[in-house]
Amino acid sequence: MGKEKSHINVVVIGHVDSGKSTTTGHLIYKCGGIDKRTIEKFEKEAAELGKGSFKYAWVLDKLKSERERGITIDIALWKFETPKYMVTVIDAPGHRDFIKNMITGTSQADCAILIIAAGTGEFEAGISKDGQTREHALLAYTLGVKQLIVAINKMDTTKWSEARYQEIIKETSGFIKKVGYNPKHVPFVPISGFNGDNMIEVSSNCPWYKGWEKETKAKATGKTLLEAIDAIDPPSRPTDKPLRLPLQDVYKIGGIGTVPVGRVETGTIKGGMVVTFAPAGVTTEVKSVEMHHEQLSEGLPGDNVGFNVKNVSVKEIRRGNVAGDSKNDPPKGCDSFNAQVIVLNHPGQVGAGYAPVLDCHTAHIACKFSELVEKIDRRTGKSVEAAPKFIKSGDAAIVKMVPSKPMCVEAFTDYPPLGRFAVRDMRQTVAVGVIKSVAKSDKQGAGKVTKAAVKAGKK
C-alpha cells in the first residue's frame, strides 16, 4: 500500500453555466471514489430517462439532489485521486447555499479551481461587473485560499481557437490580479469537461497548447487539469495550535449517544480529552473519534470527524458552537470584536446600528455594527478617516461588532478559520471581514462540567 496520500481540499468556483458540475463530475467519475456499482446504477437510470449519453454532470446532479434531500452521501463520493493527493471537492457550486458554504467552507479549501466558459458571450457574462465569478474569486482570496487554478472550459465550442484562448487568458489574468492573485502562480488549462480534453489526458485538439506553468515554491509545468491539481503546494496544517473544532451538526445516535460532527481547524482531538464547547459553556470528555465510519486515534486539522461525548444532550450544543481543549486555551464566547470589514456590494450606506447576519465558521448570527472606528485604504491598510459616519461599497473600515447572541470567534492571526466572516443581507454577500481582536466573555465559570469531565480530569 505504501504511505497514505496526503489530503487536500479544493473548491470549484465560477459562473453558473461555466460547466462546473460536468468538470467536477468528470474528475470524480474517472479518478474517483464513486464505486462501479453506483456508476452502473446511475448509467442505467440515465439510459431509462433517455440521458443515455451519460454525461458527468448527471453524476453530480444525483449526488447533489441526494444531498439536498438530506440523504447524507458518503463524502467519499466527492473525492478523487491524483498521483500525490487524495482530493476532496468541498462544494460543487450550484448548491443552494454556495456563498454561505464558501465562507464557512472556504476556510477549508487549499486551492480554488476557477472554471471559465470560453463560449462567445459566456465568458463576458461570467466576469462582468456583477458576474458571480468576480464575487466567488474575491471571496476565495479574502478568505485565505491563496492557490488558484484556472480552467478555460468548453473550448470545443470555440473550435479550439488559440486566439480566443489567448484573449481569455489575458482578460482573466487582469481580473484575478485585481482580486489579489499573482497570475504567475496560477496554471491556466484549456479543457472540455464534457469531452474530457486536457482533463486527465493530453488533448490532440490543441496542438498550439504548450502546457501550463507556475512559479511558486518551485517551478512546475504540466499539460492537464489533473496535473495542475497534483502540483498544488502542500498546505501546512496547524497541528501545533490549541484545538478549535466548529460544529457542523450534532447527531443523536442510538446506542452511542450524542455525536457532534465538524472539521478540525487547528490542533488535534483524541479520545480521553476533556473538551469545552463555547459559547455553550459545556465541558465534557471525548469518548472516541471517528472519520468515514472508522475509529481514529486522533483527528488532525482538515479532518471531518464525528466524536461522541458523555452526559451531554443534543439540546445543549449546536451547529456554530466550537469545541476546544479545556486545558489549553479553551474557546470562549465573546461580548464584541473588532474587524476589518470590506463592503463588496451594498446598495446604500452602512452606518452604526446596521445589524446583518454574519457567517463565521459554522455560526450564523446577527451582529450589530456598533461603532465605525476608522475608514482605511484597502490596499495599504492605512487609516484615511477616523470615526466615519457611513461606509459604502468599495470601502474598508475597522468596525466594532456586537453579536446579538453568544458566539465564539477568534482573531484571524490566532486562528484564521475562526477569524474571517461574510456579512449577508438582501440574499447576497454585502461584505467580508477579518477579525482583529476579540473581547472574550468570562462567563464560563457558571458553565456545565459533566461527571465524565471531572472523572477524566482525575486520571
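Quick reminder: no glycine exception, Cβ is built from N, Cα and C everywhere.
Packing around Lys20 (GTP binding site) is summarised by its Cβ count: 27 other Cβ atoms lie within 10 angstroms of its Cβ, all protein chains included. DSSP assigns Lys20 (GTP binding site) to a helical segment in the three-state reduction. Residues annotated as GTP binding site in Swiss-Prot: 14-21, 91-95, 153-156.
Swiss-Prot lists 5-239 with the feature domain 'tr-type G'.
Annotation comment: Swiss-Prot describes Gly2 as N,N,N-trimethylglycine.
Per Swiss-Prot, N6,N6-dimethyllysine is recorded for Lys3 (among others).
As annotated by Swiss-Prot, N6-methyllysine applies to Lys3 (among others), with the evidence given as similarity to another entry.
Under the DSSP three-state reduction, Lys30 (N6-methyllysine) is assigned to helix. Sequence-distant contacts of Lys30 (N6-methyllysine), defined as residues of its own chain at least six apart whose C-beta falls under 8 angstroms from its C-beta, comprise Phe80, Gly196, Met199, Ile200. The N6-methyllysine feature in Swiss-Prot is assigned to Lys30 (among others); the stated evidence is similarity to another entry.
Neighbour count (other Cβ atoms within 10 Å of the Cβ, all protein chains): 19 for Lys79 (N6,N6,N6-trimethyllysine). Classification of Lys79 (N6,N6,N6-trimethyllysine) by DSSP places it within a strand. Taken from Swiss-Prot, the feature N6,N6,N6-trimethyllysine covers Lys79.
If you look up Swiss-Prot, you'll see Lys315 (among others) marked as N6,N6-dimethyllysine, on the strength of similarity to another entry. Sequence-distant contacts of Lys315 (N6,N6-dimethyllysine), defined by Cβ-Cβ distance under 8 angstroms and a gap of at least six in the same chain, do not exist.
What Swiss-Prot records for Lys315 (among others) is N6-methyllysine, and it gives similarity to another entry as the kind of evidence.
Lys389 (N6-methyllysine) carries neither a helix nor a strand DSSP state and counts as coil. Residues or ranges marked as N6-methyllysine in Swiss-Prot: Lys389 (among others).
As annotated by Swiss-Prot, region 'G1' applies to 14-21.
Taken as a whole, the region 'G2' (70-74) shows an average pLDDT of 43 in this prediction. What Swiss-Prot records for 70-74 is region 'G2'.
The feature region 'G3' is assigned by Swiss-Prot to 91-94.
Within the chain carrying the region 'G4' (153-156), a Cβ under 8 angstroms from the stretch's Cβ atoms is held by residues 18-19, 22-23, 115-119, 122, 165, 190-195, 197, 205-206, all 6 or more beyond its ends. Annotated region 'G4' per Swiss-Prot: 153-156, in sequence order, evidence recorded as similarity to another entry.
Sequence-distant neighbours of Met155 (GTP binding site): residues of the same chain at least 6 apart with a C-beta under 8 Å from its C-beta are Ala118, Ser161, Tyr165, Pro190, Ile191, Ser192, Asp197, Asn205, Cys206. In the three-state DSSP scheme, Gly14 (GTP binding site) is classed as strand. Note: the Cα of Lys79 (N6,N6,N6-trimethyllysine) and the Cα of Gly14 (GTP binding site) are spaced 20 Å from each other.
Rounded to a whole number, the distance between the Cα atoms of Lys389 (N6-methyllysine) and Lys20 (GTP binding site) is 42 Å.
Of all Cβ atoms in the protein chains displayed, 26 besides its own lie within 10 Å of the Cβ of Gly14 (GTP binding site). With a cut-off of 8 Å between CB atoms and residues at least 6 apart in sequence, the same chain places Ala117, Glu122 near Asp17 (GTP binding site), listed in sequence order.
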